[in-house]
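Over in Swiss-Prot, the protein carries these features:
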type: DISULFID; residues: C302-C313; note: disulfide bond
type: DISULFID; residues: C330-C423; note: disulfide bond
type: DISULFID; residues: C402-C415; note: disulfide bond
type: DOMAIN; residues: 309-424; note: domain 'C-type lectin'
type: REGION; residues: 96-303; note: region '9 X approximate tandem repeats'
type: REPEAT; residues: 96-118; note: repeat '1'
type: REPEAT; residues: 119-141; note: repeat '2'
type: REPEAT; residues: 142-164; note: repeat '3'
type: REPEAT; residues: 165-187; note: repeat '4'
type: REPEAT; residues: 188-210; note: repeat '5'
type: REPEAT; residues: 211-233; note: repeat '6'
type: REPEAT; residues: 234-256; note: repeat '7'
type: REPEAT; residues: 257-279; note: repeat '8'
type: REPEAT; residues: 280-303; note: repeat '9'
type: MOTIF; residues: 31-34; note: motif 'Endocytosis signal'
type: TOPO_DOM; residues: 1-37; note: topological domain 'Cytoplasmic'
type: TOPO_DOM; residues: 59-450; note: topological domain 'Extracellular'
Amino acid sequence: MSDSKEPSVQQLGLLEEEQLRGLGFRQTRGYKSLAGCLGHGALVLQLLSFTLLAGLLIQVSKFPSSISQEQSKQDAIYQNLTQLKAAVGEFSEKSKLQEIYQELTQLKAAVGELPEKSKQQEIYQELTRLKAAVGELPEKSKQQEIYQELTRLKAAVGELPEKSKQQEIYQELTRLKAAVGELPEKSKQQEIYQELTRLKAAVGELPEKSKQQEIYQELTRLKAAVGELPEKSKQQEIYQELTRLKAAVGELPEKSKQQEIYQELTRLKAAVGELPEKSKQQEIYQELTQLKAAVERLCRPCPWEWTFFQGNCYFMSNSQRDWHDSVTACQEVGAQLVVIKSAEEQNFLQLQSSRSNRFAWMGLSDLNQEGTWQWVDGSPLSPSFKQYWNRGEPNNVGEEDCAEFSGNGWNDDKCNLAKFWICKKSAASCSRDEEQFLSPAPATPNPPPV
């Protein structure tokens, strides 16, 4: 069987070779038949077609994206060109630019002459307030008027003298402001004059000794108040300055805040204009000097700043010390840390302490023996005085061995704590003739020391 098939195949191969030669084809090396050649050629063509199709699809998919990006880029460039064109269109001519440059140069030079940083901050705050005020300005016509006024002011500032002169002007304005702030109001001046009249009558009637101390203290305060009045030339200067300020404020637009400032300046002007003339001030000062001299010659049972009560003098300190130093402080002025002898004295001292809202040491402790309270003069605490302890006191919490005035009663506390203190000593007796104290005091050119 195999032998019969092989000649058939050979015959078929010869037949195909003859047909190809008749058609003008040559047999290609590597291919045994036309059918094999045609079969491989179709596969190659399909592969090439698929590759070309895939490349075309990729290029087509990229084409719209590149077009949109290019379009957005062109739009951005166009917008930038439009903005640049508008900005260039807003520039003024070259001469205007030069004018702006020169103005900036002048401003830079002016800034270089500004004073220290603290002054710059004050100027900046003032400019901020001015900016807020300008924001409230009325219609355009008024703004133009203000602009013209500012132009004139700028020209005036350009004519100012050197920097030292400007500082002198600023200092003078500062002193003027301080002087105006110290002027007493009219009602205060009348009160001073009326008080002088009452004091003169009171000294002539020679009231009780405790009243004399009150009169002396009032005279001291009045003297200080009169001493703050400026001299007549200074008053005229203040009056002129206020007049100019009033005129300047009167030119401002009608705003509620500006009206309030104008009214305040009017009241200040009226108050300064009504100040007593210099001769009247001198008369008041001389009267005060005479009254003070007369009071100083009066018999005083207690030193100044001490309070008289039932034949004794009491001093409430203005500083604080511990209990032991308070005892020493009273001894240095010939007194002792207060020892209470009666219910009336206790009520008087408790009232003085509560009014001043101070915790003050008294001369009572149990340092010698715990629980046994003694005064600094060695006398024991009376059982009737135990009612003055606050509720729950004395409790000796943390070695509390010294007594103080606290609120409406007594309290024990640590002796090393700093508190106010109260001294007590006997009042002096006045044996001189009362007529001696009513003699008029000679006028003295210089006031006595306070």
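Every residue, even glycine, has its Cβ placed from backbone N, Cα and C.
Known features from Swiss-Prot, placed on the structure.
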| residue | record | DSSP (3 states) |
| --- | --- | --- |
| C302 | disulfide bond | coil |
| C313 | disulfide bond | strand |
| C330 | disulfide bond | helix |
| C402 | disulfide bond | strand |
| C415 | disulfide bond | coil |
| C423 | disulfide bond | strand |
Those disulfide-bonded residues of C330, C402, C415 having Cα within 10 angstroms of C313 (disulfide bond): none
Surrounding CB atoms that lie within 10 Å of the CB of C415 (disulfide bond), all protein chains: 19
Cα separation, C302 (disulfide bond) to C330 (disulfide bond) (Å, whole number): 15
Nearest of the disulfide-bonded residues (C302, C402, C415) to C423 (disulfide bond) - Cα to Cα: C302
C-alpha spacing of C302 (disulfide bond) relative to C402 (disulfide bond), in angstrom: 28
Pairwise CA distance, C302 (disulfide bond) versus C415 (disulfide bond), rounded so that it is a whole Å: 29
Neighbour count (Cβ, 10 Å) for C313 (disulfide bond): 19
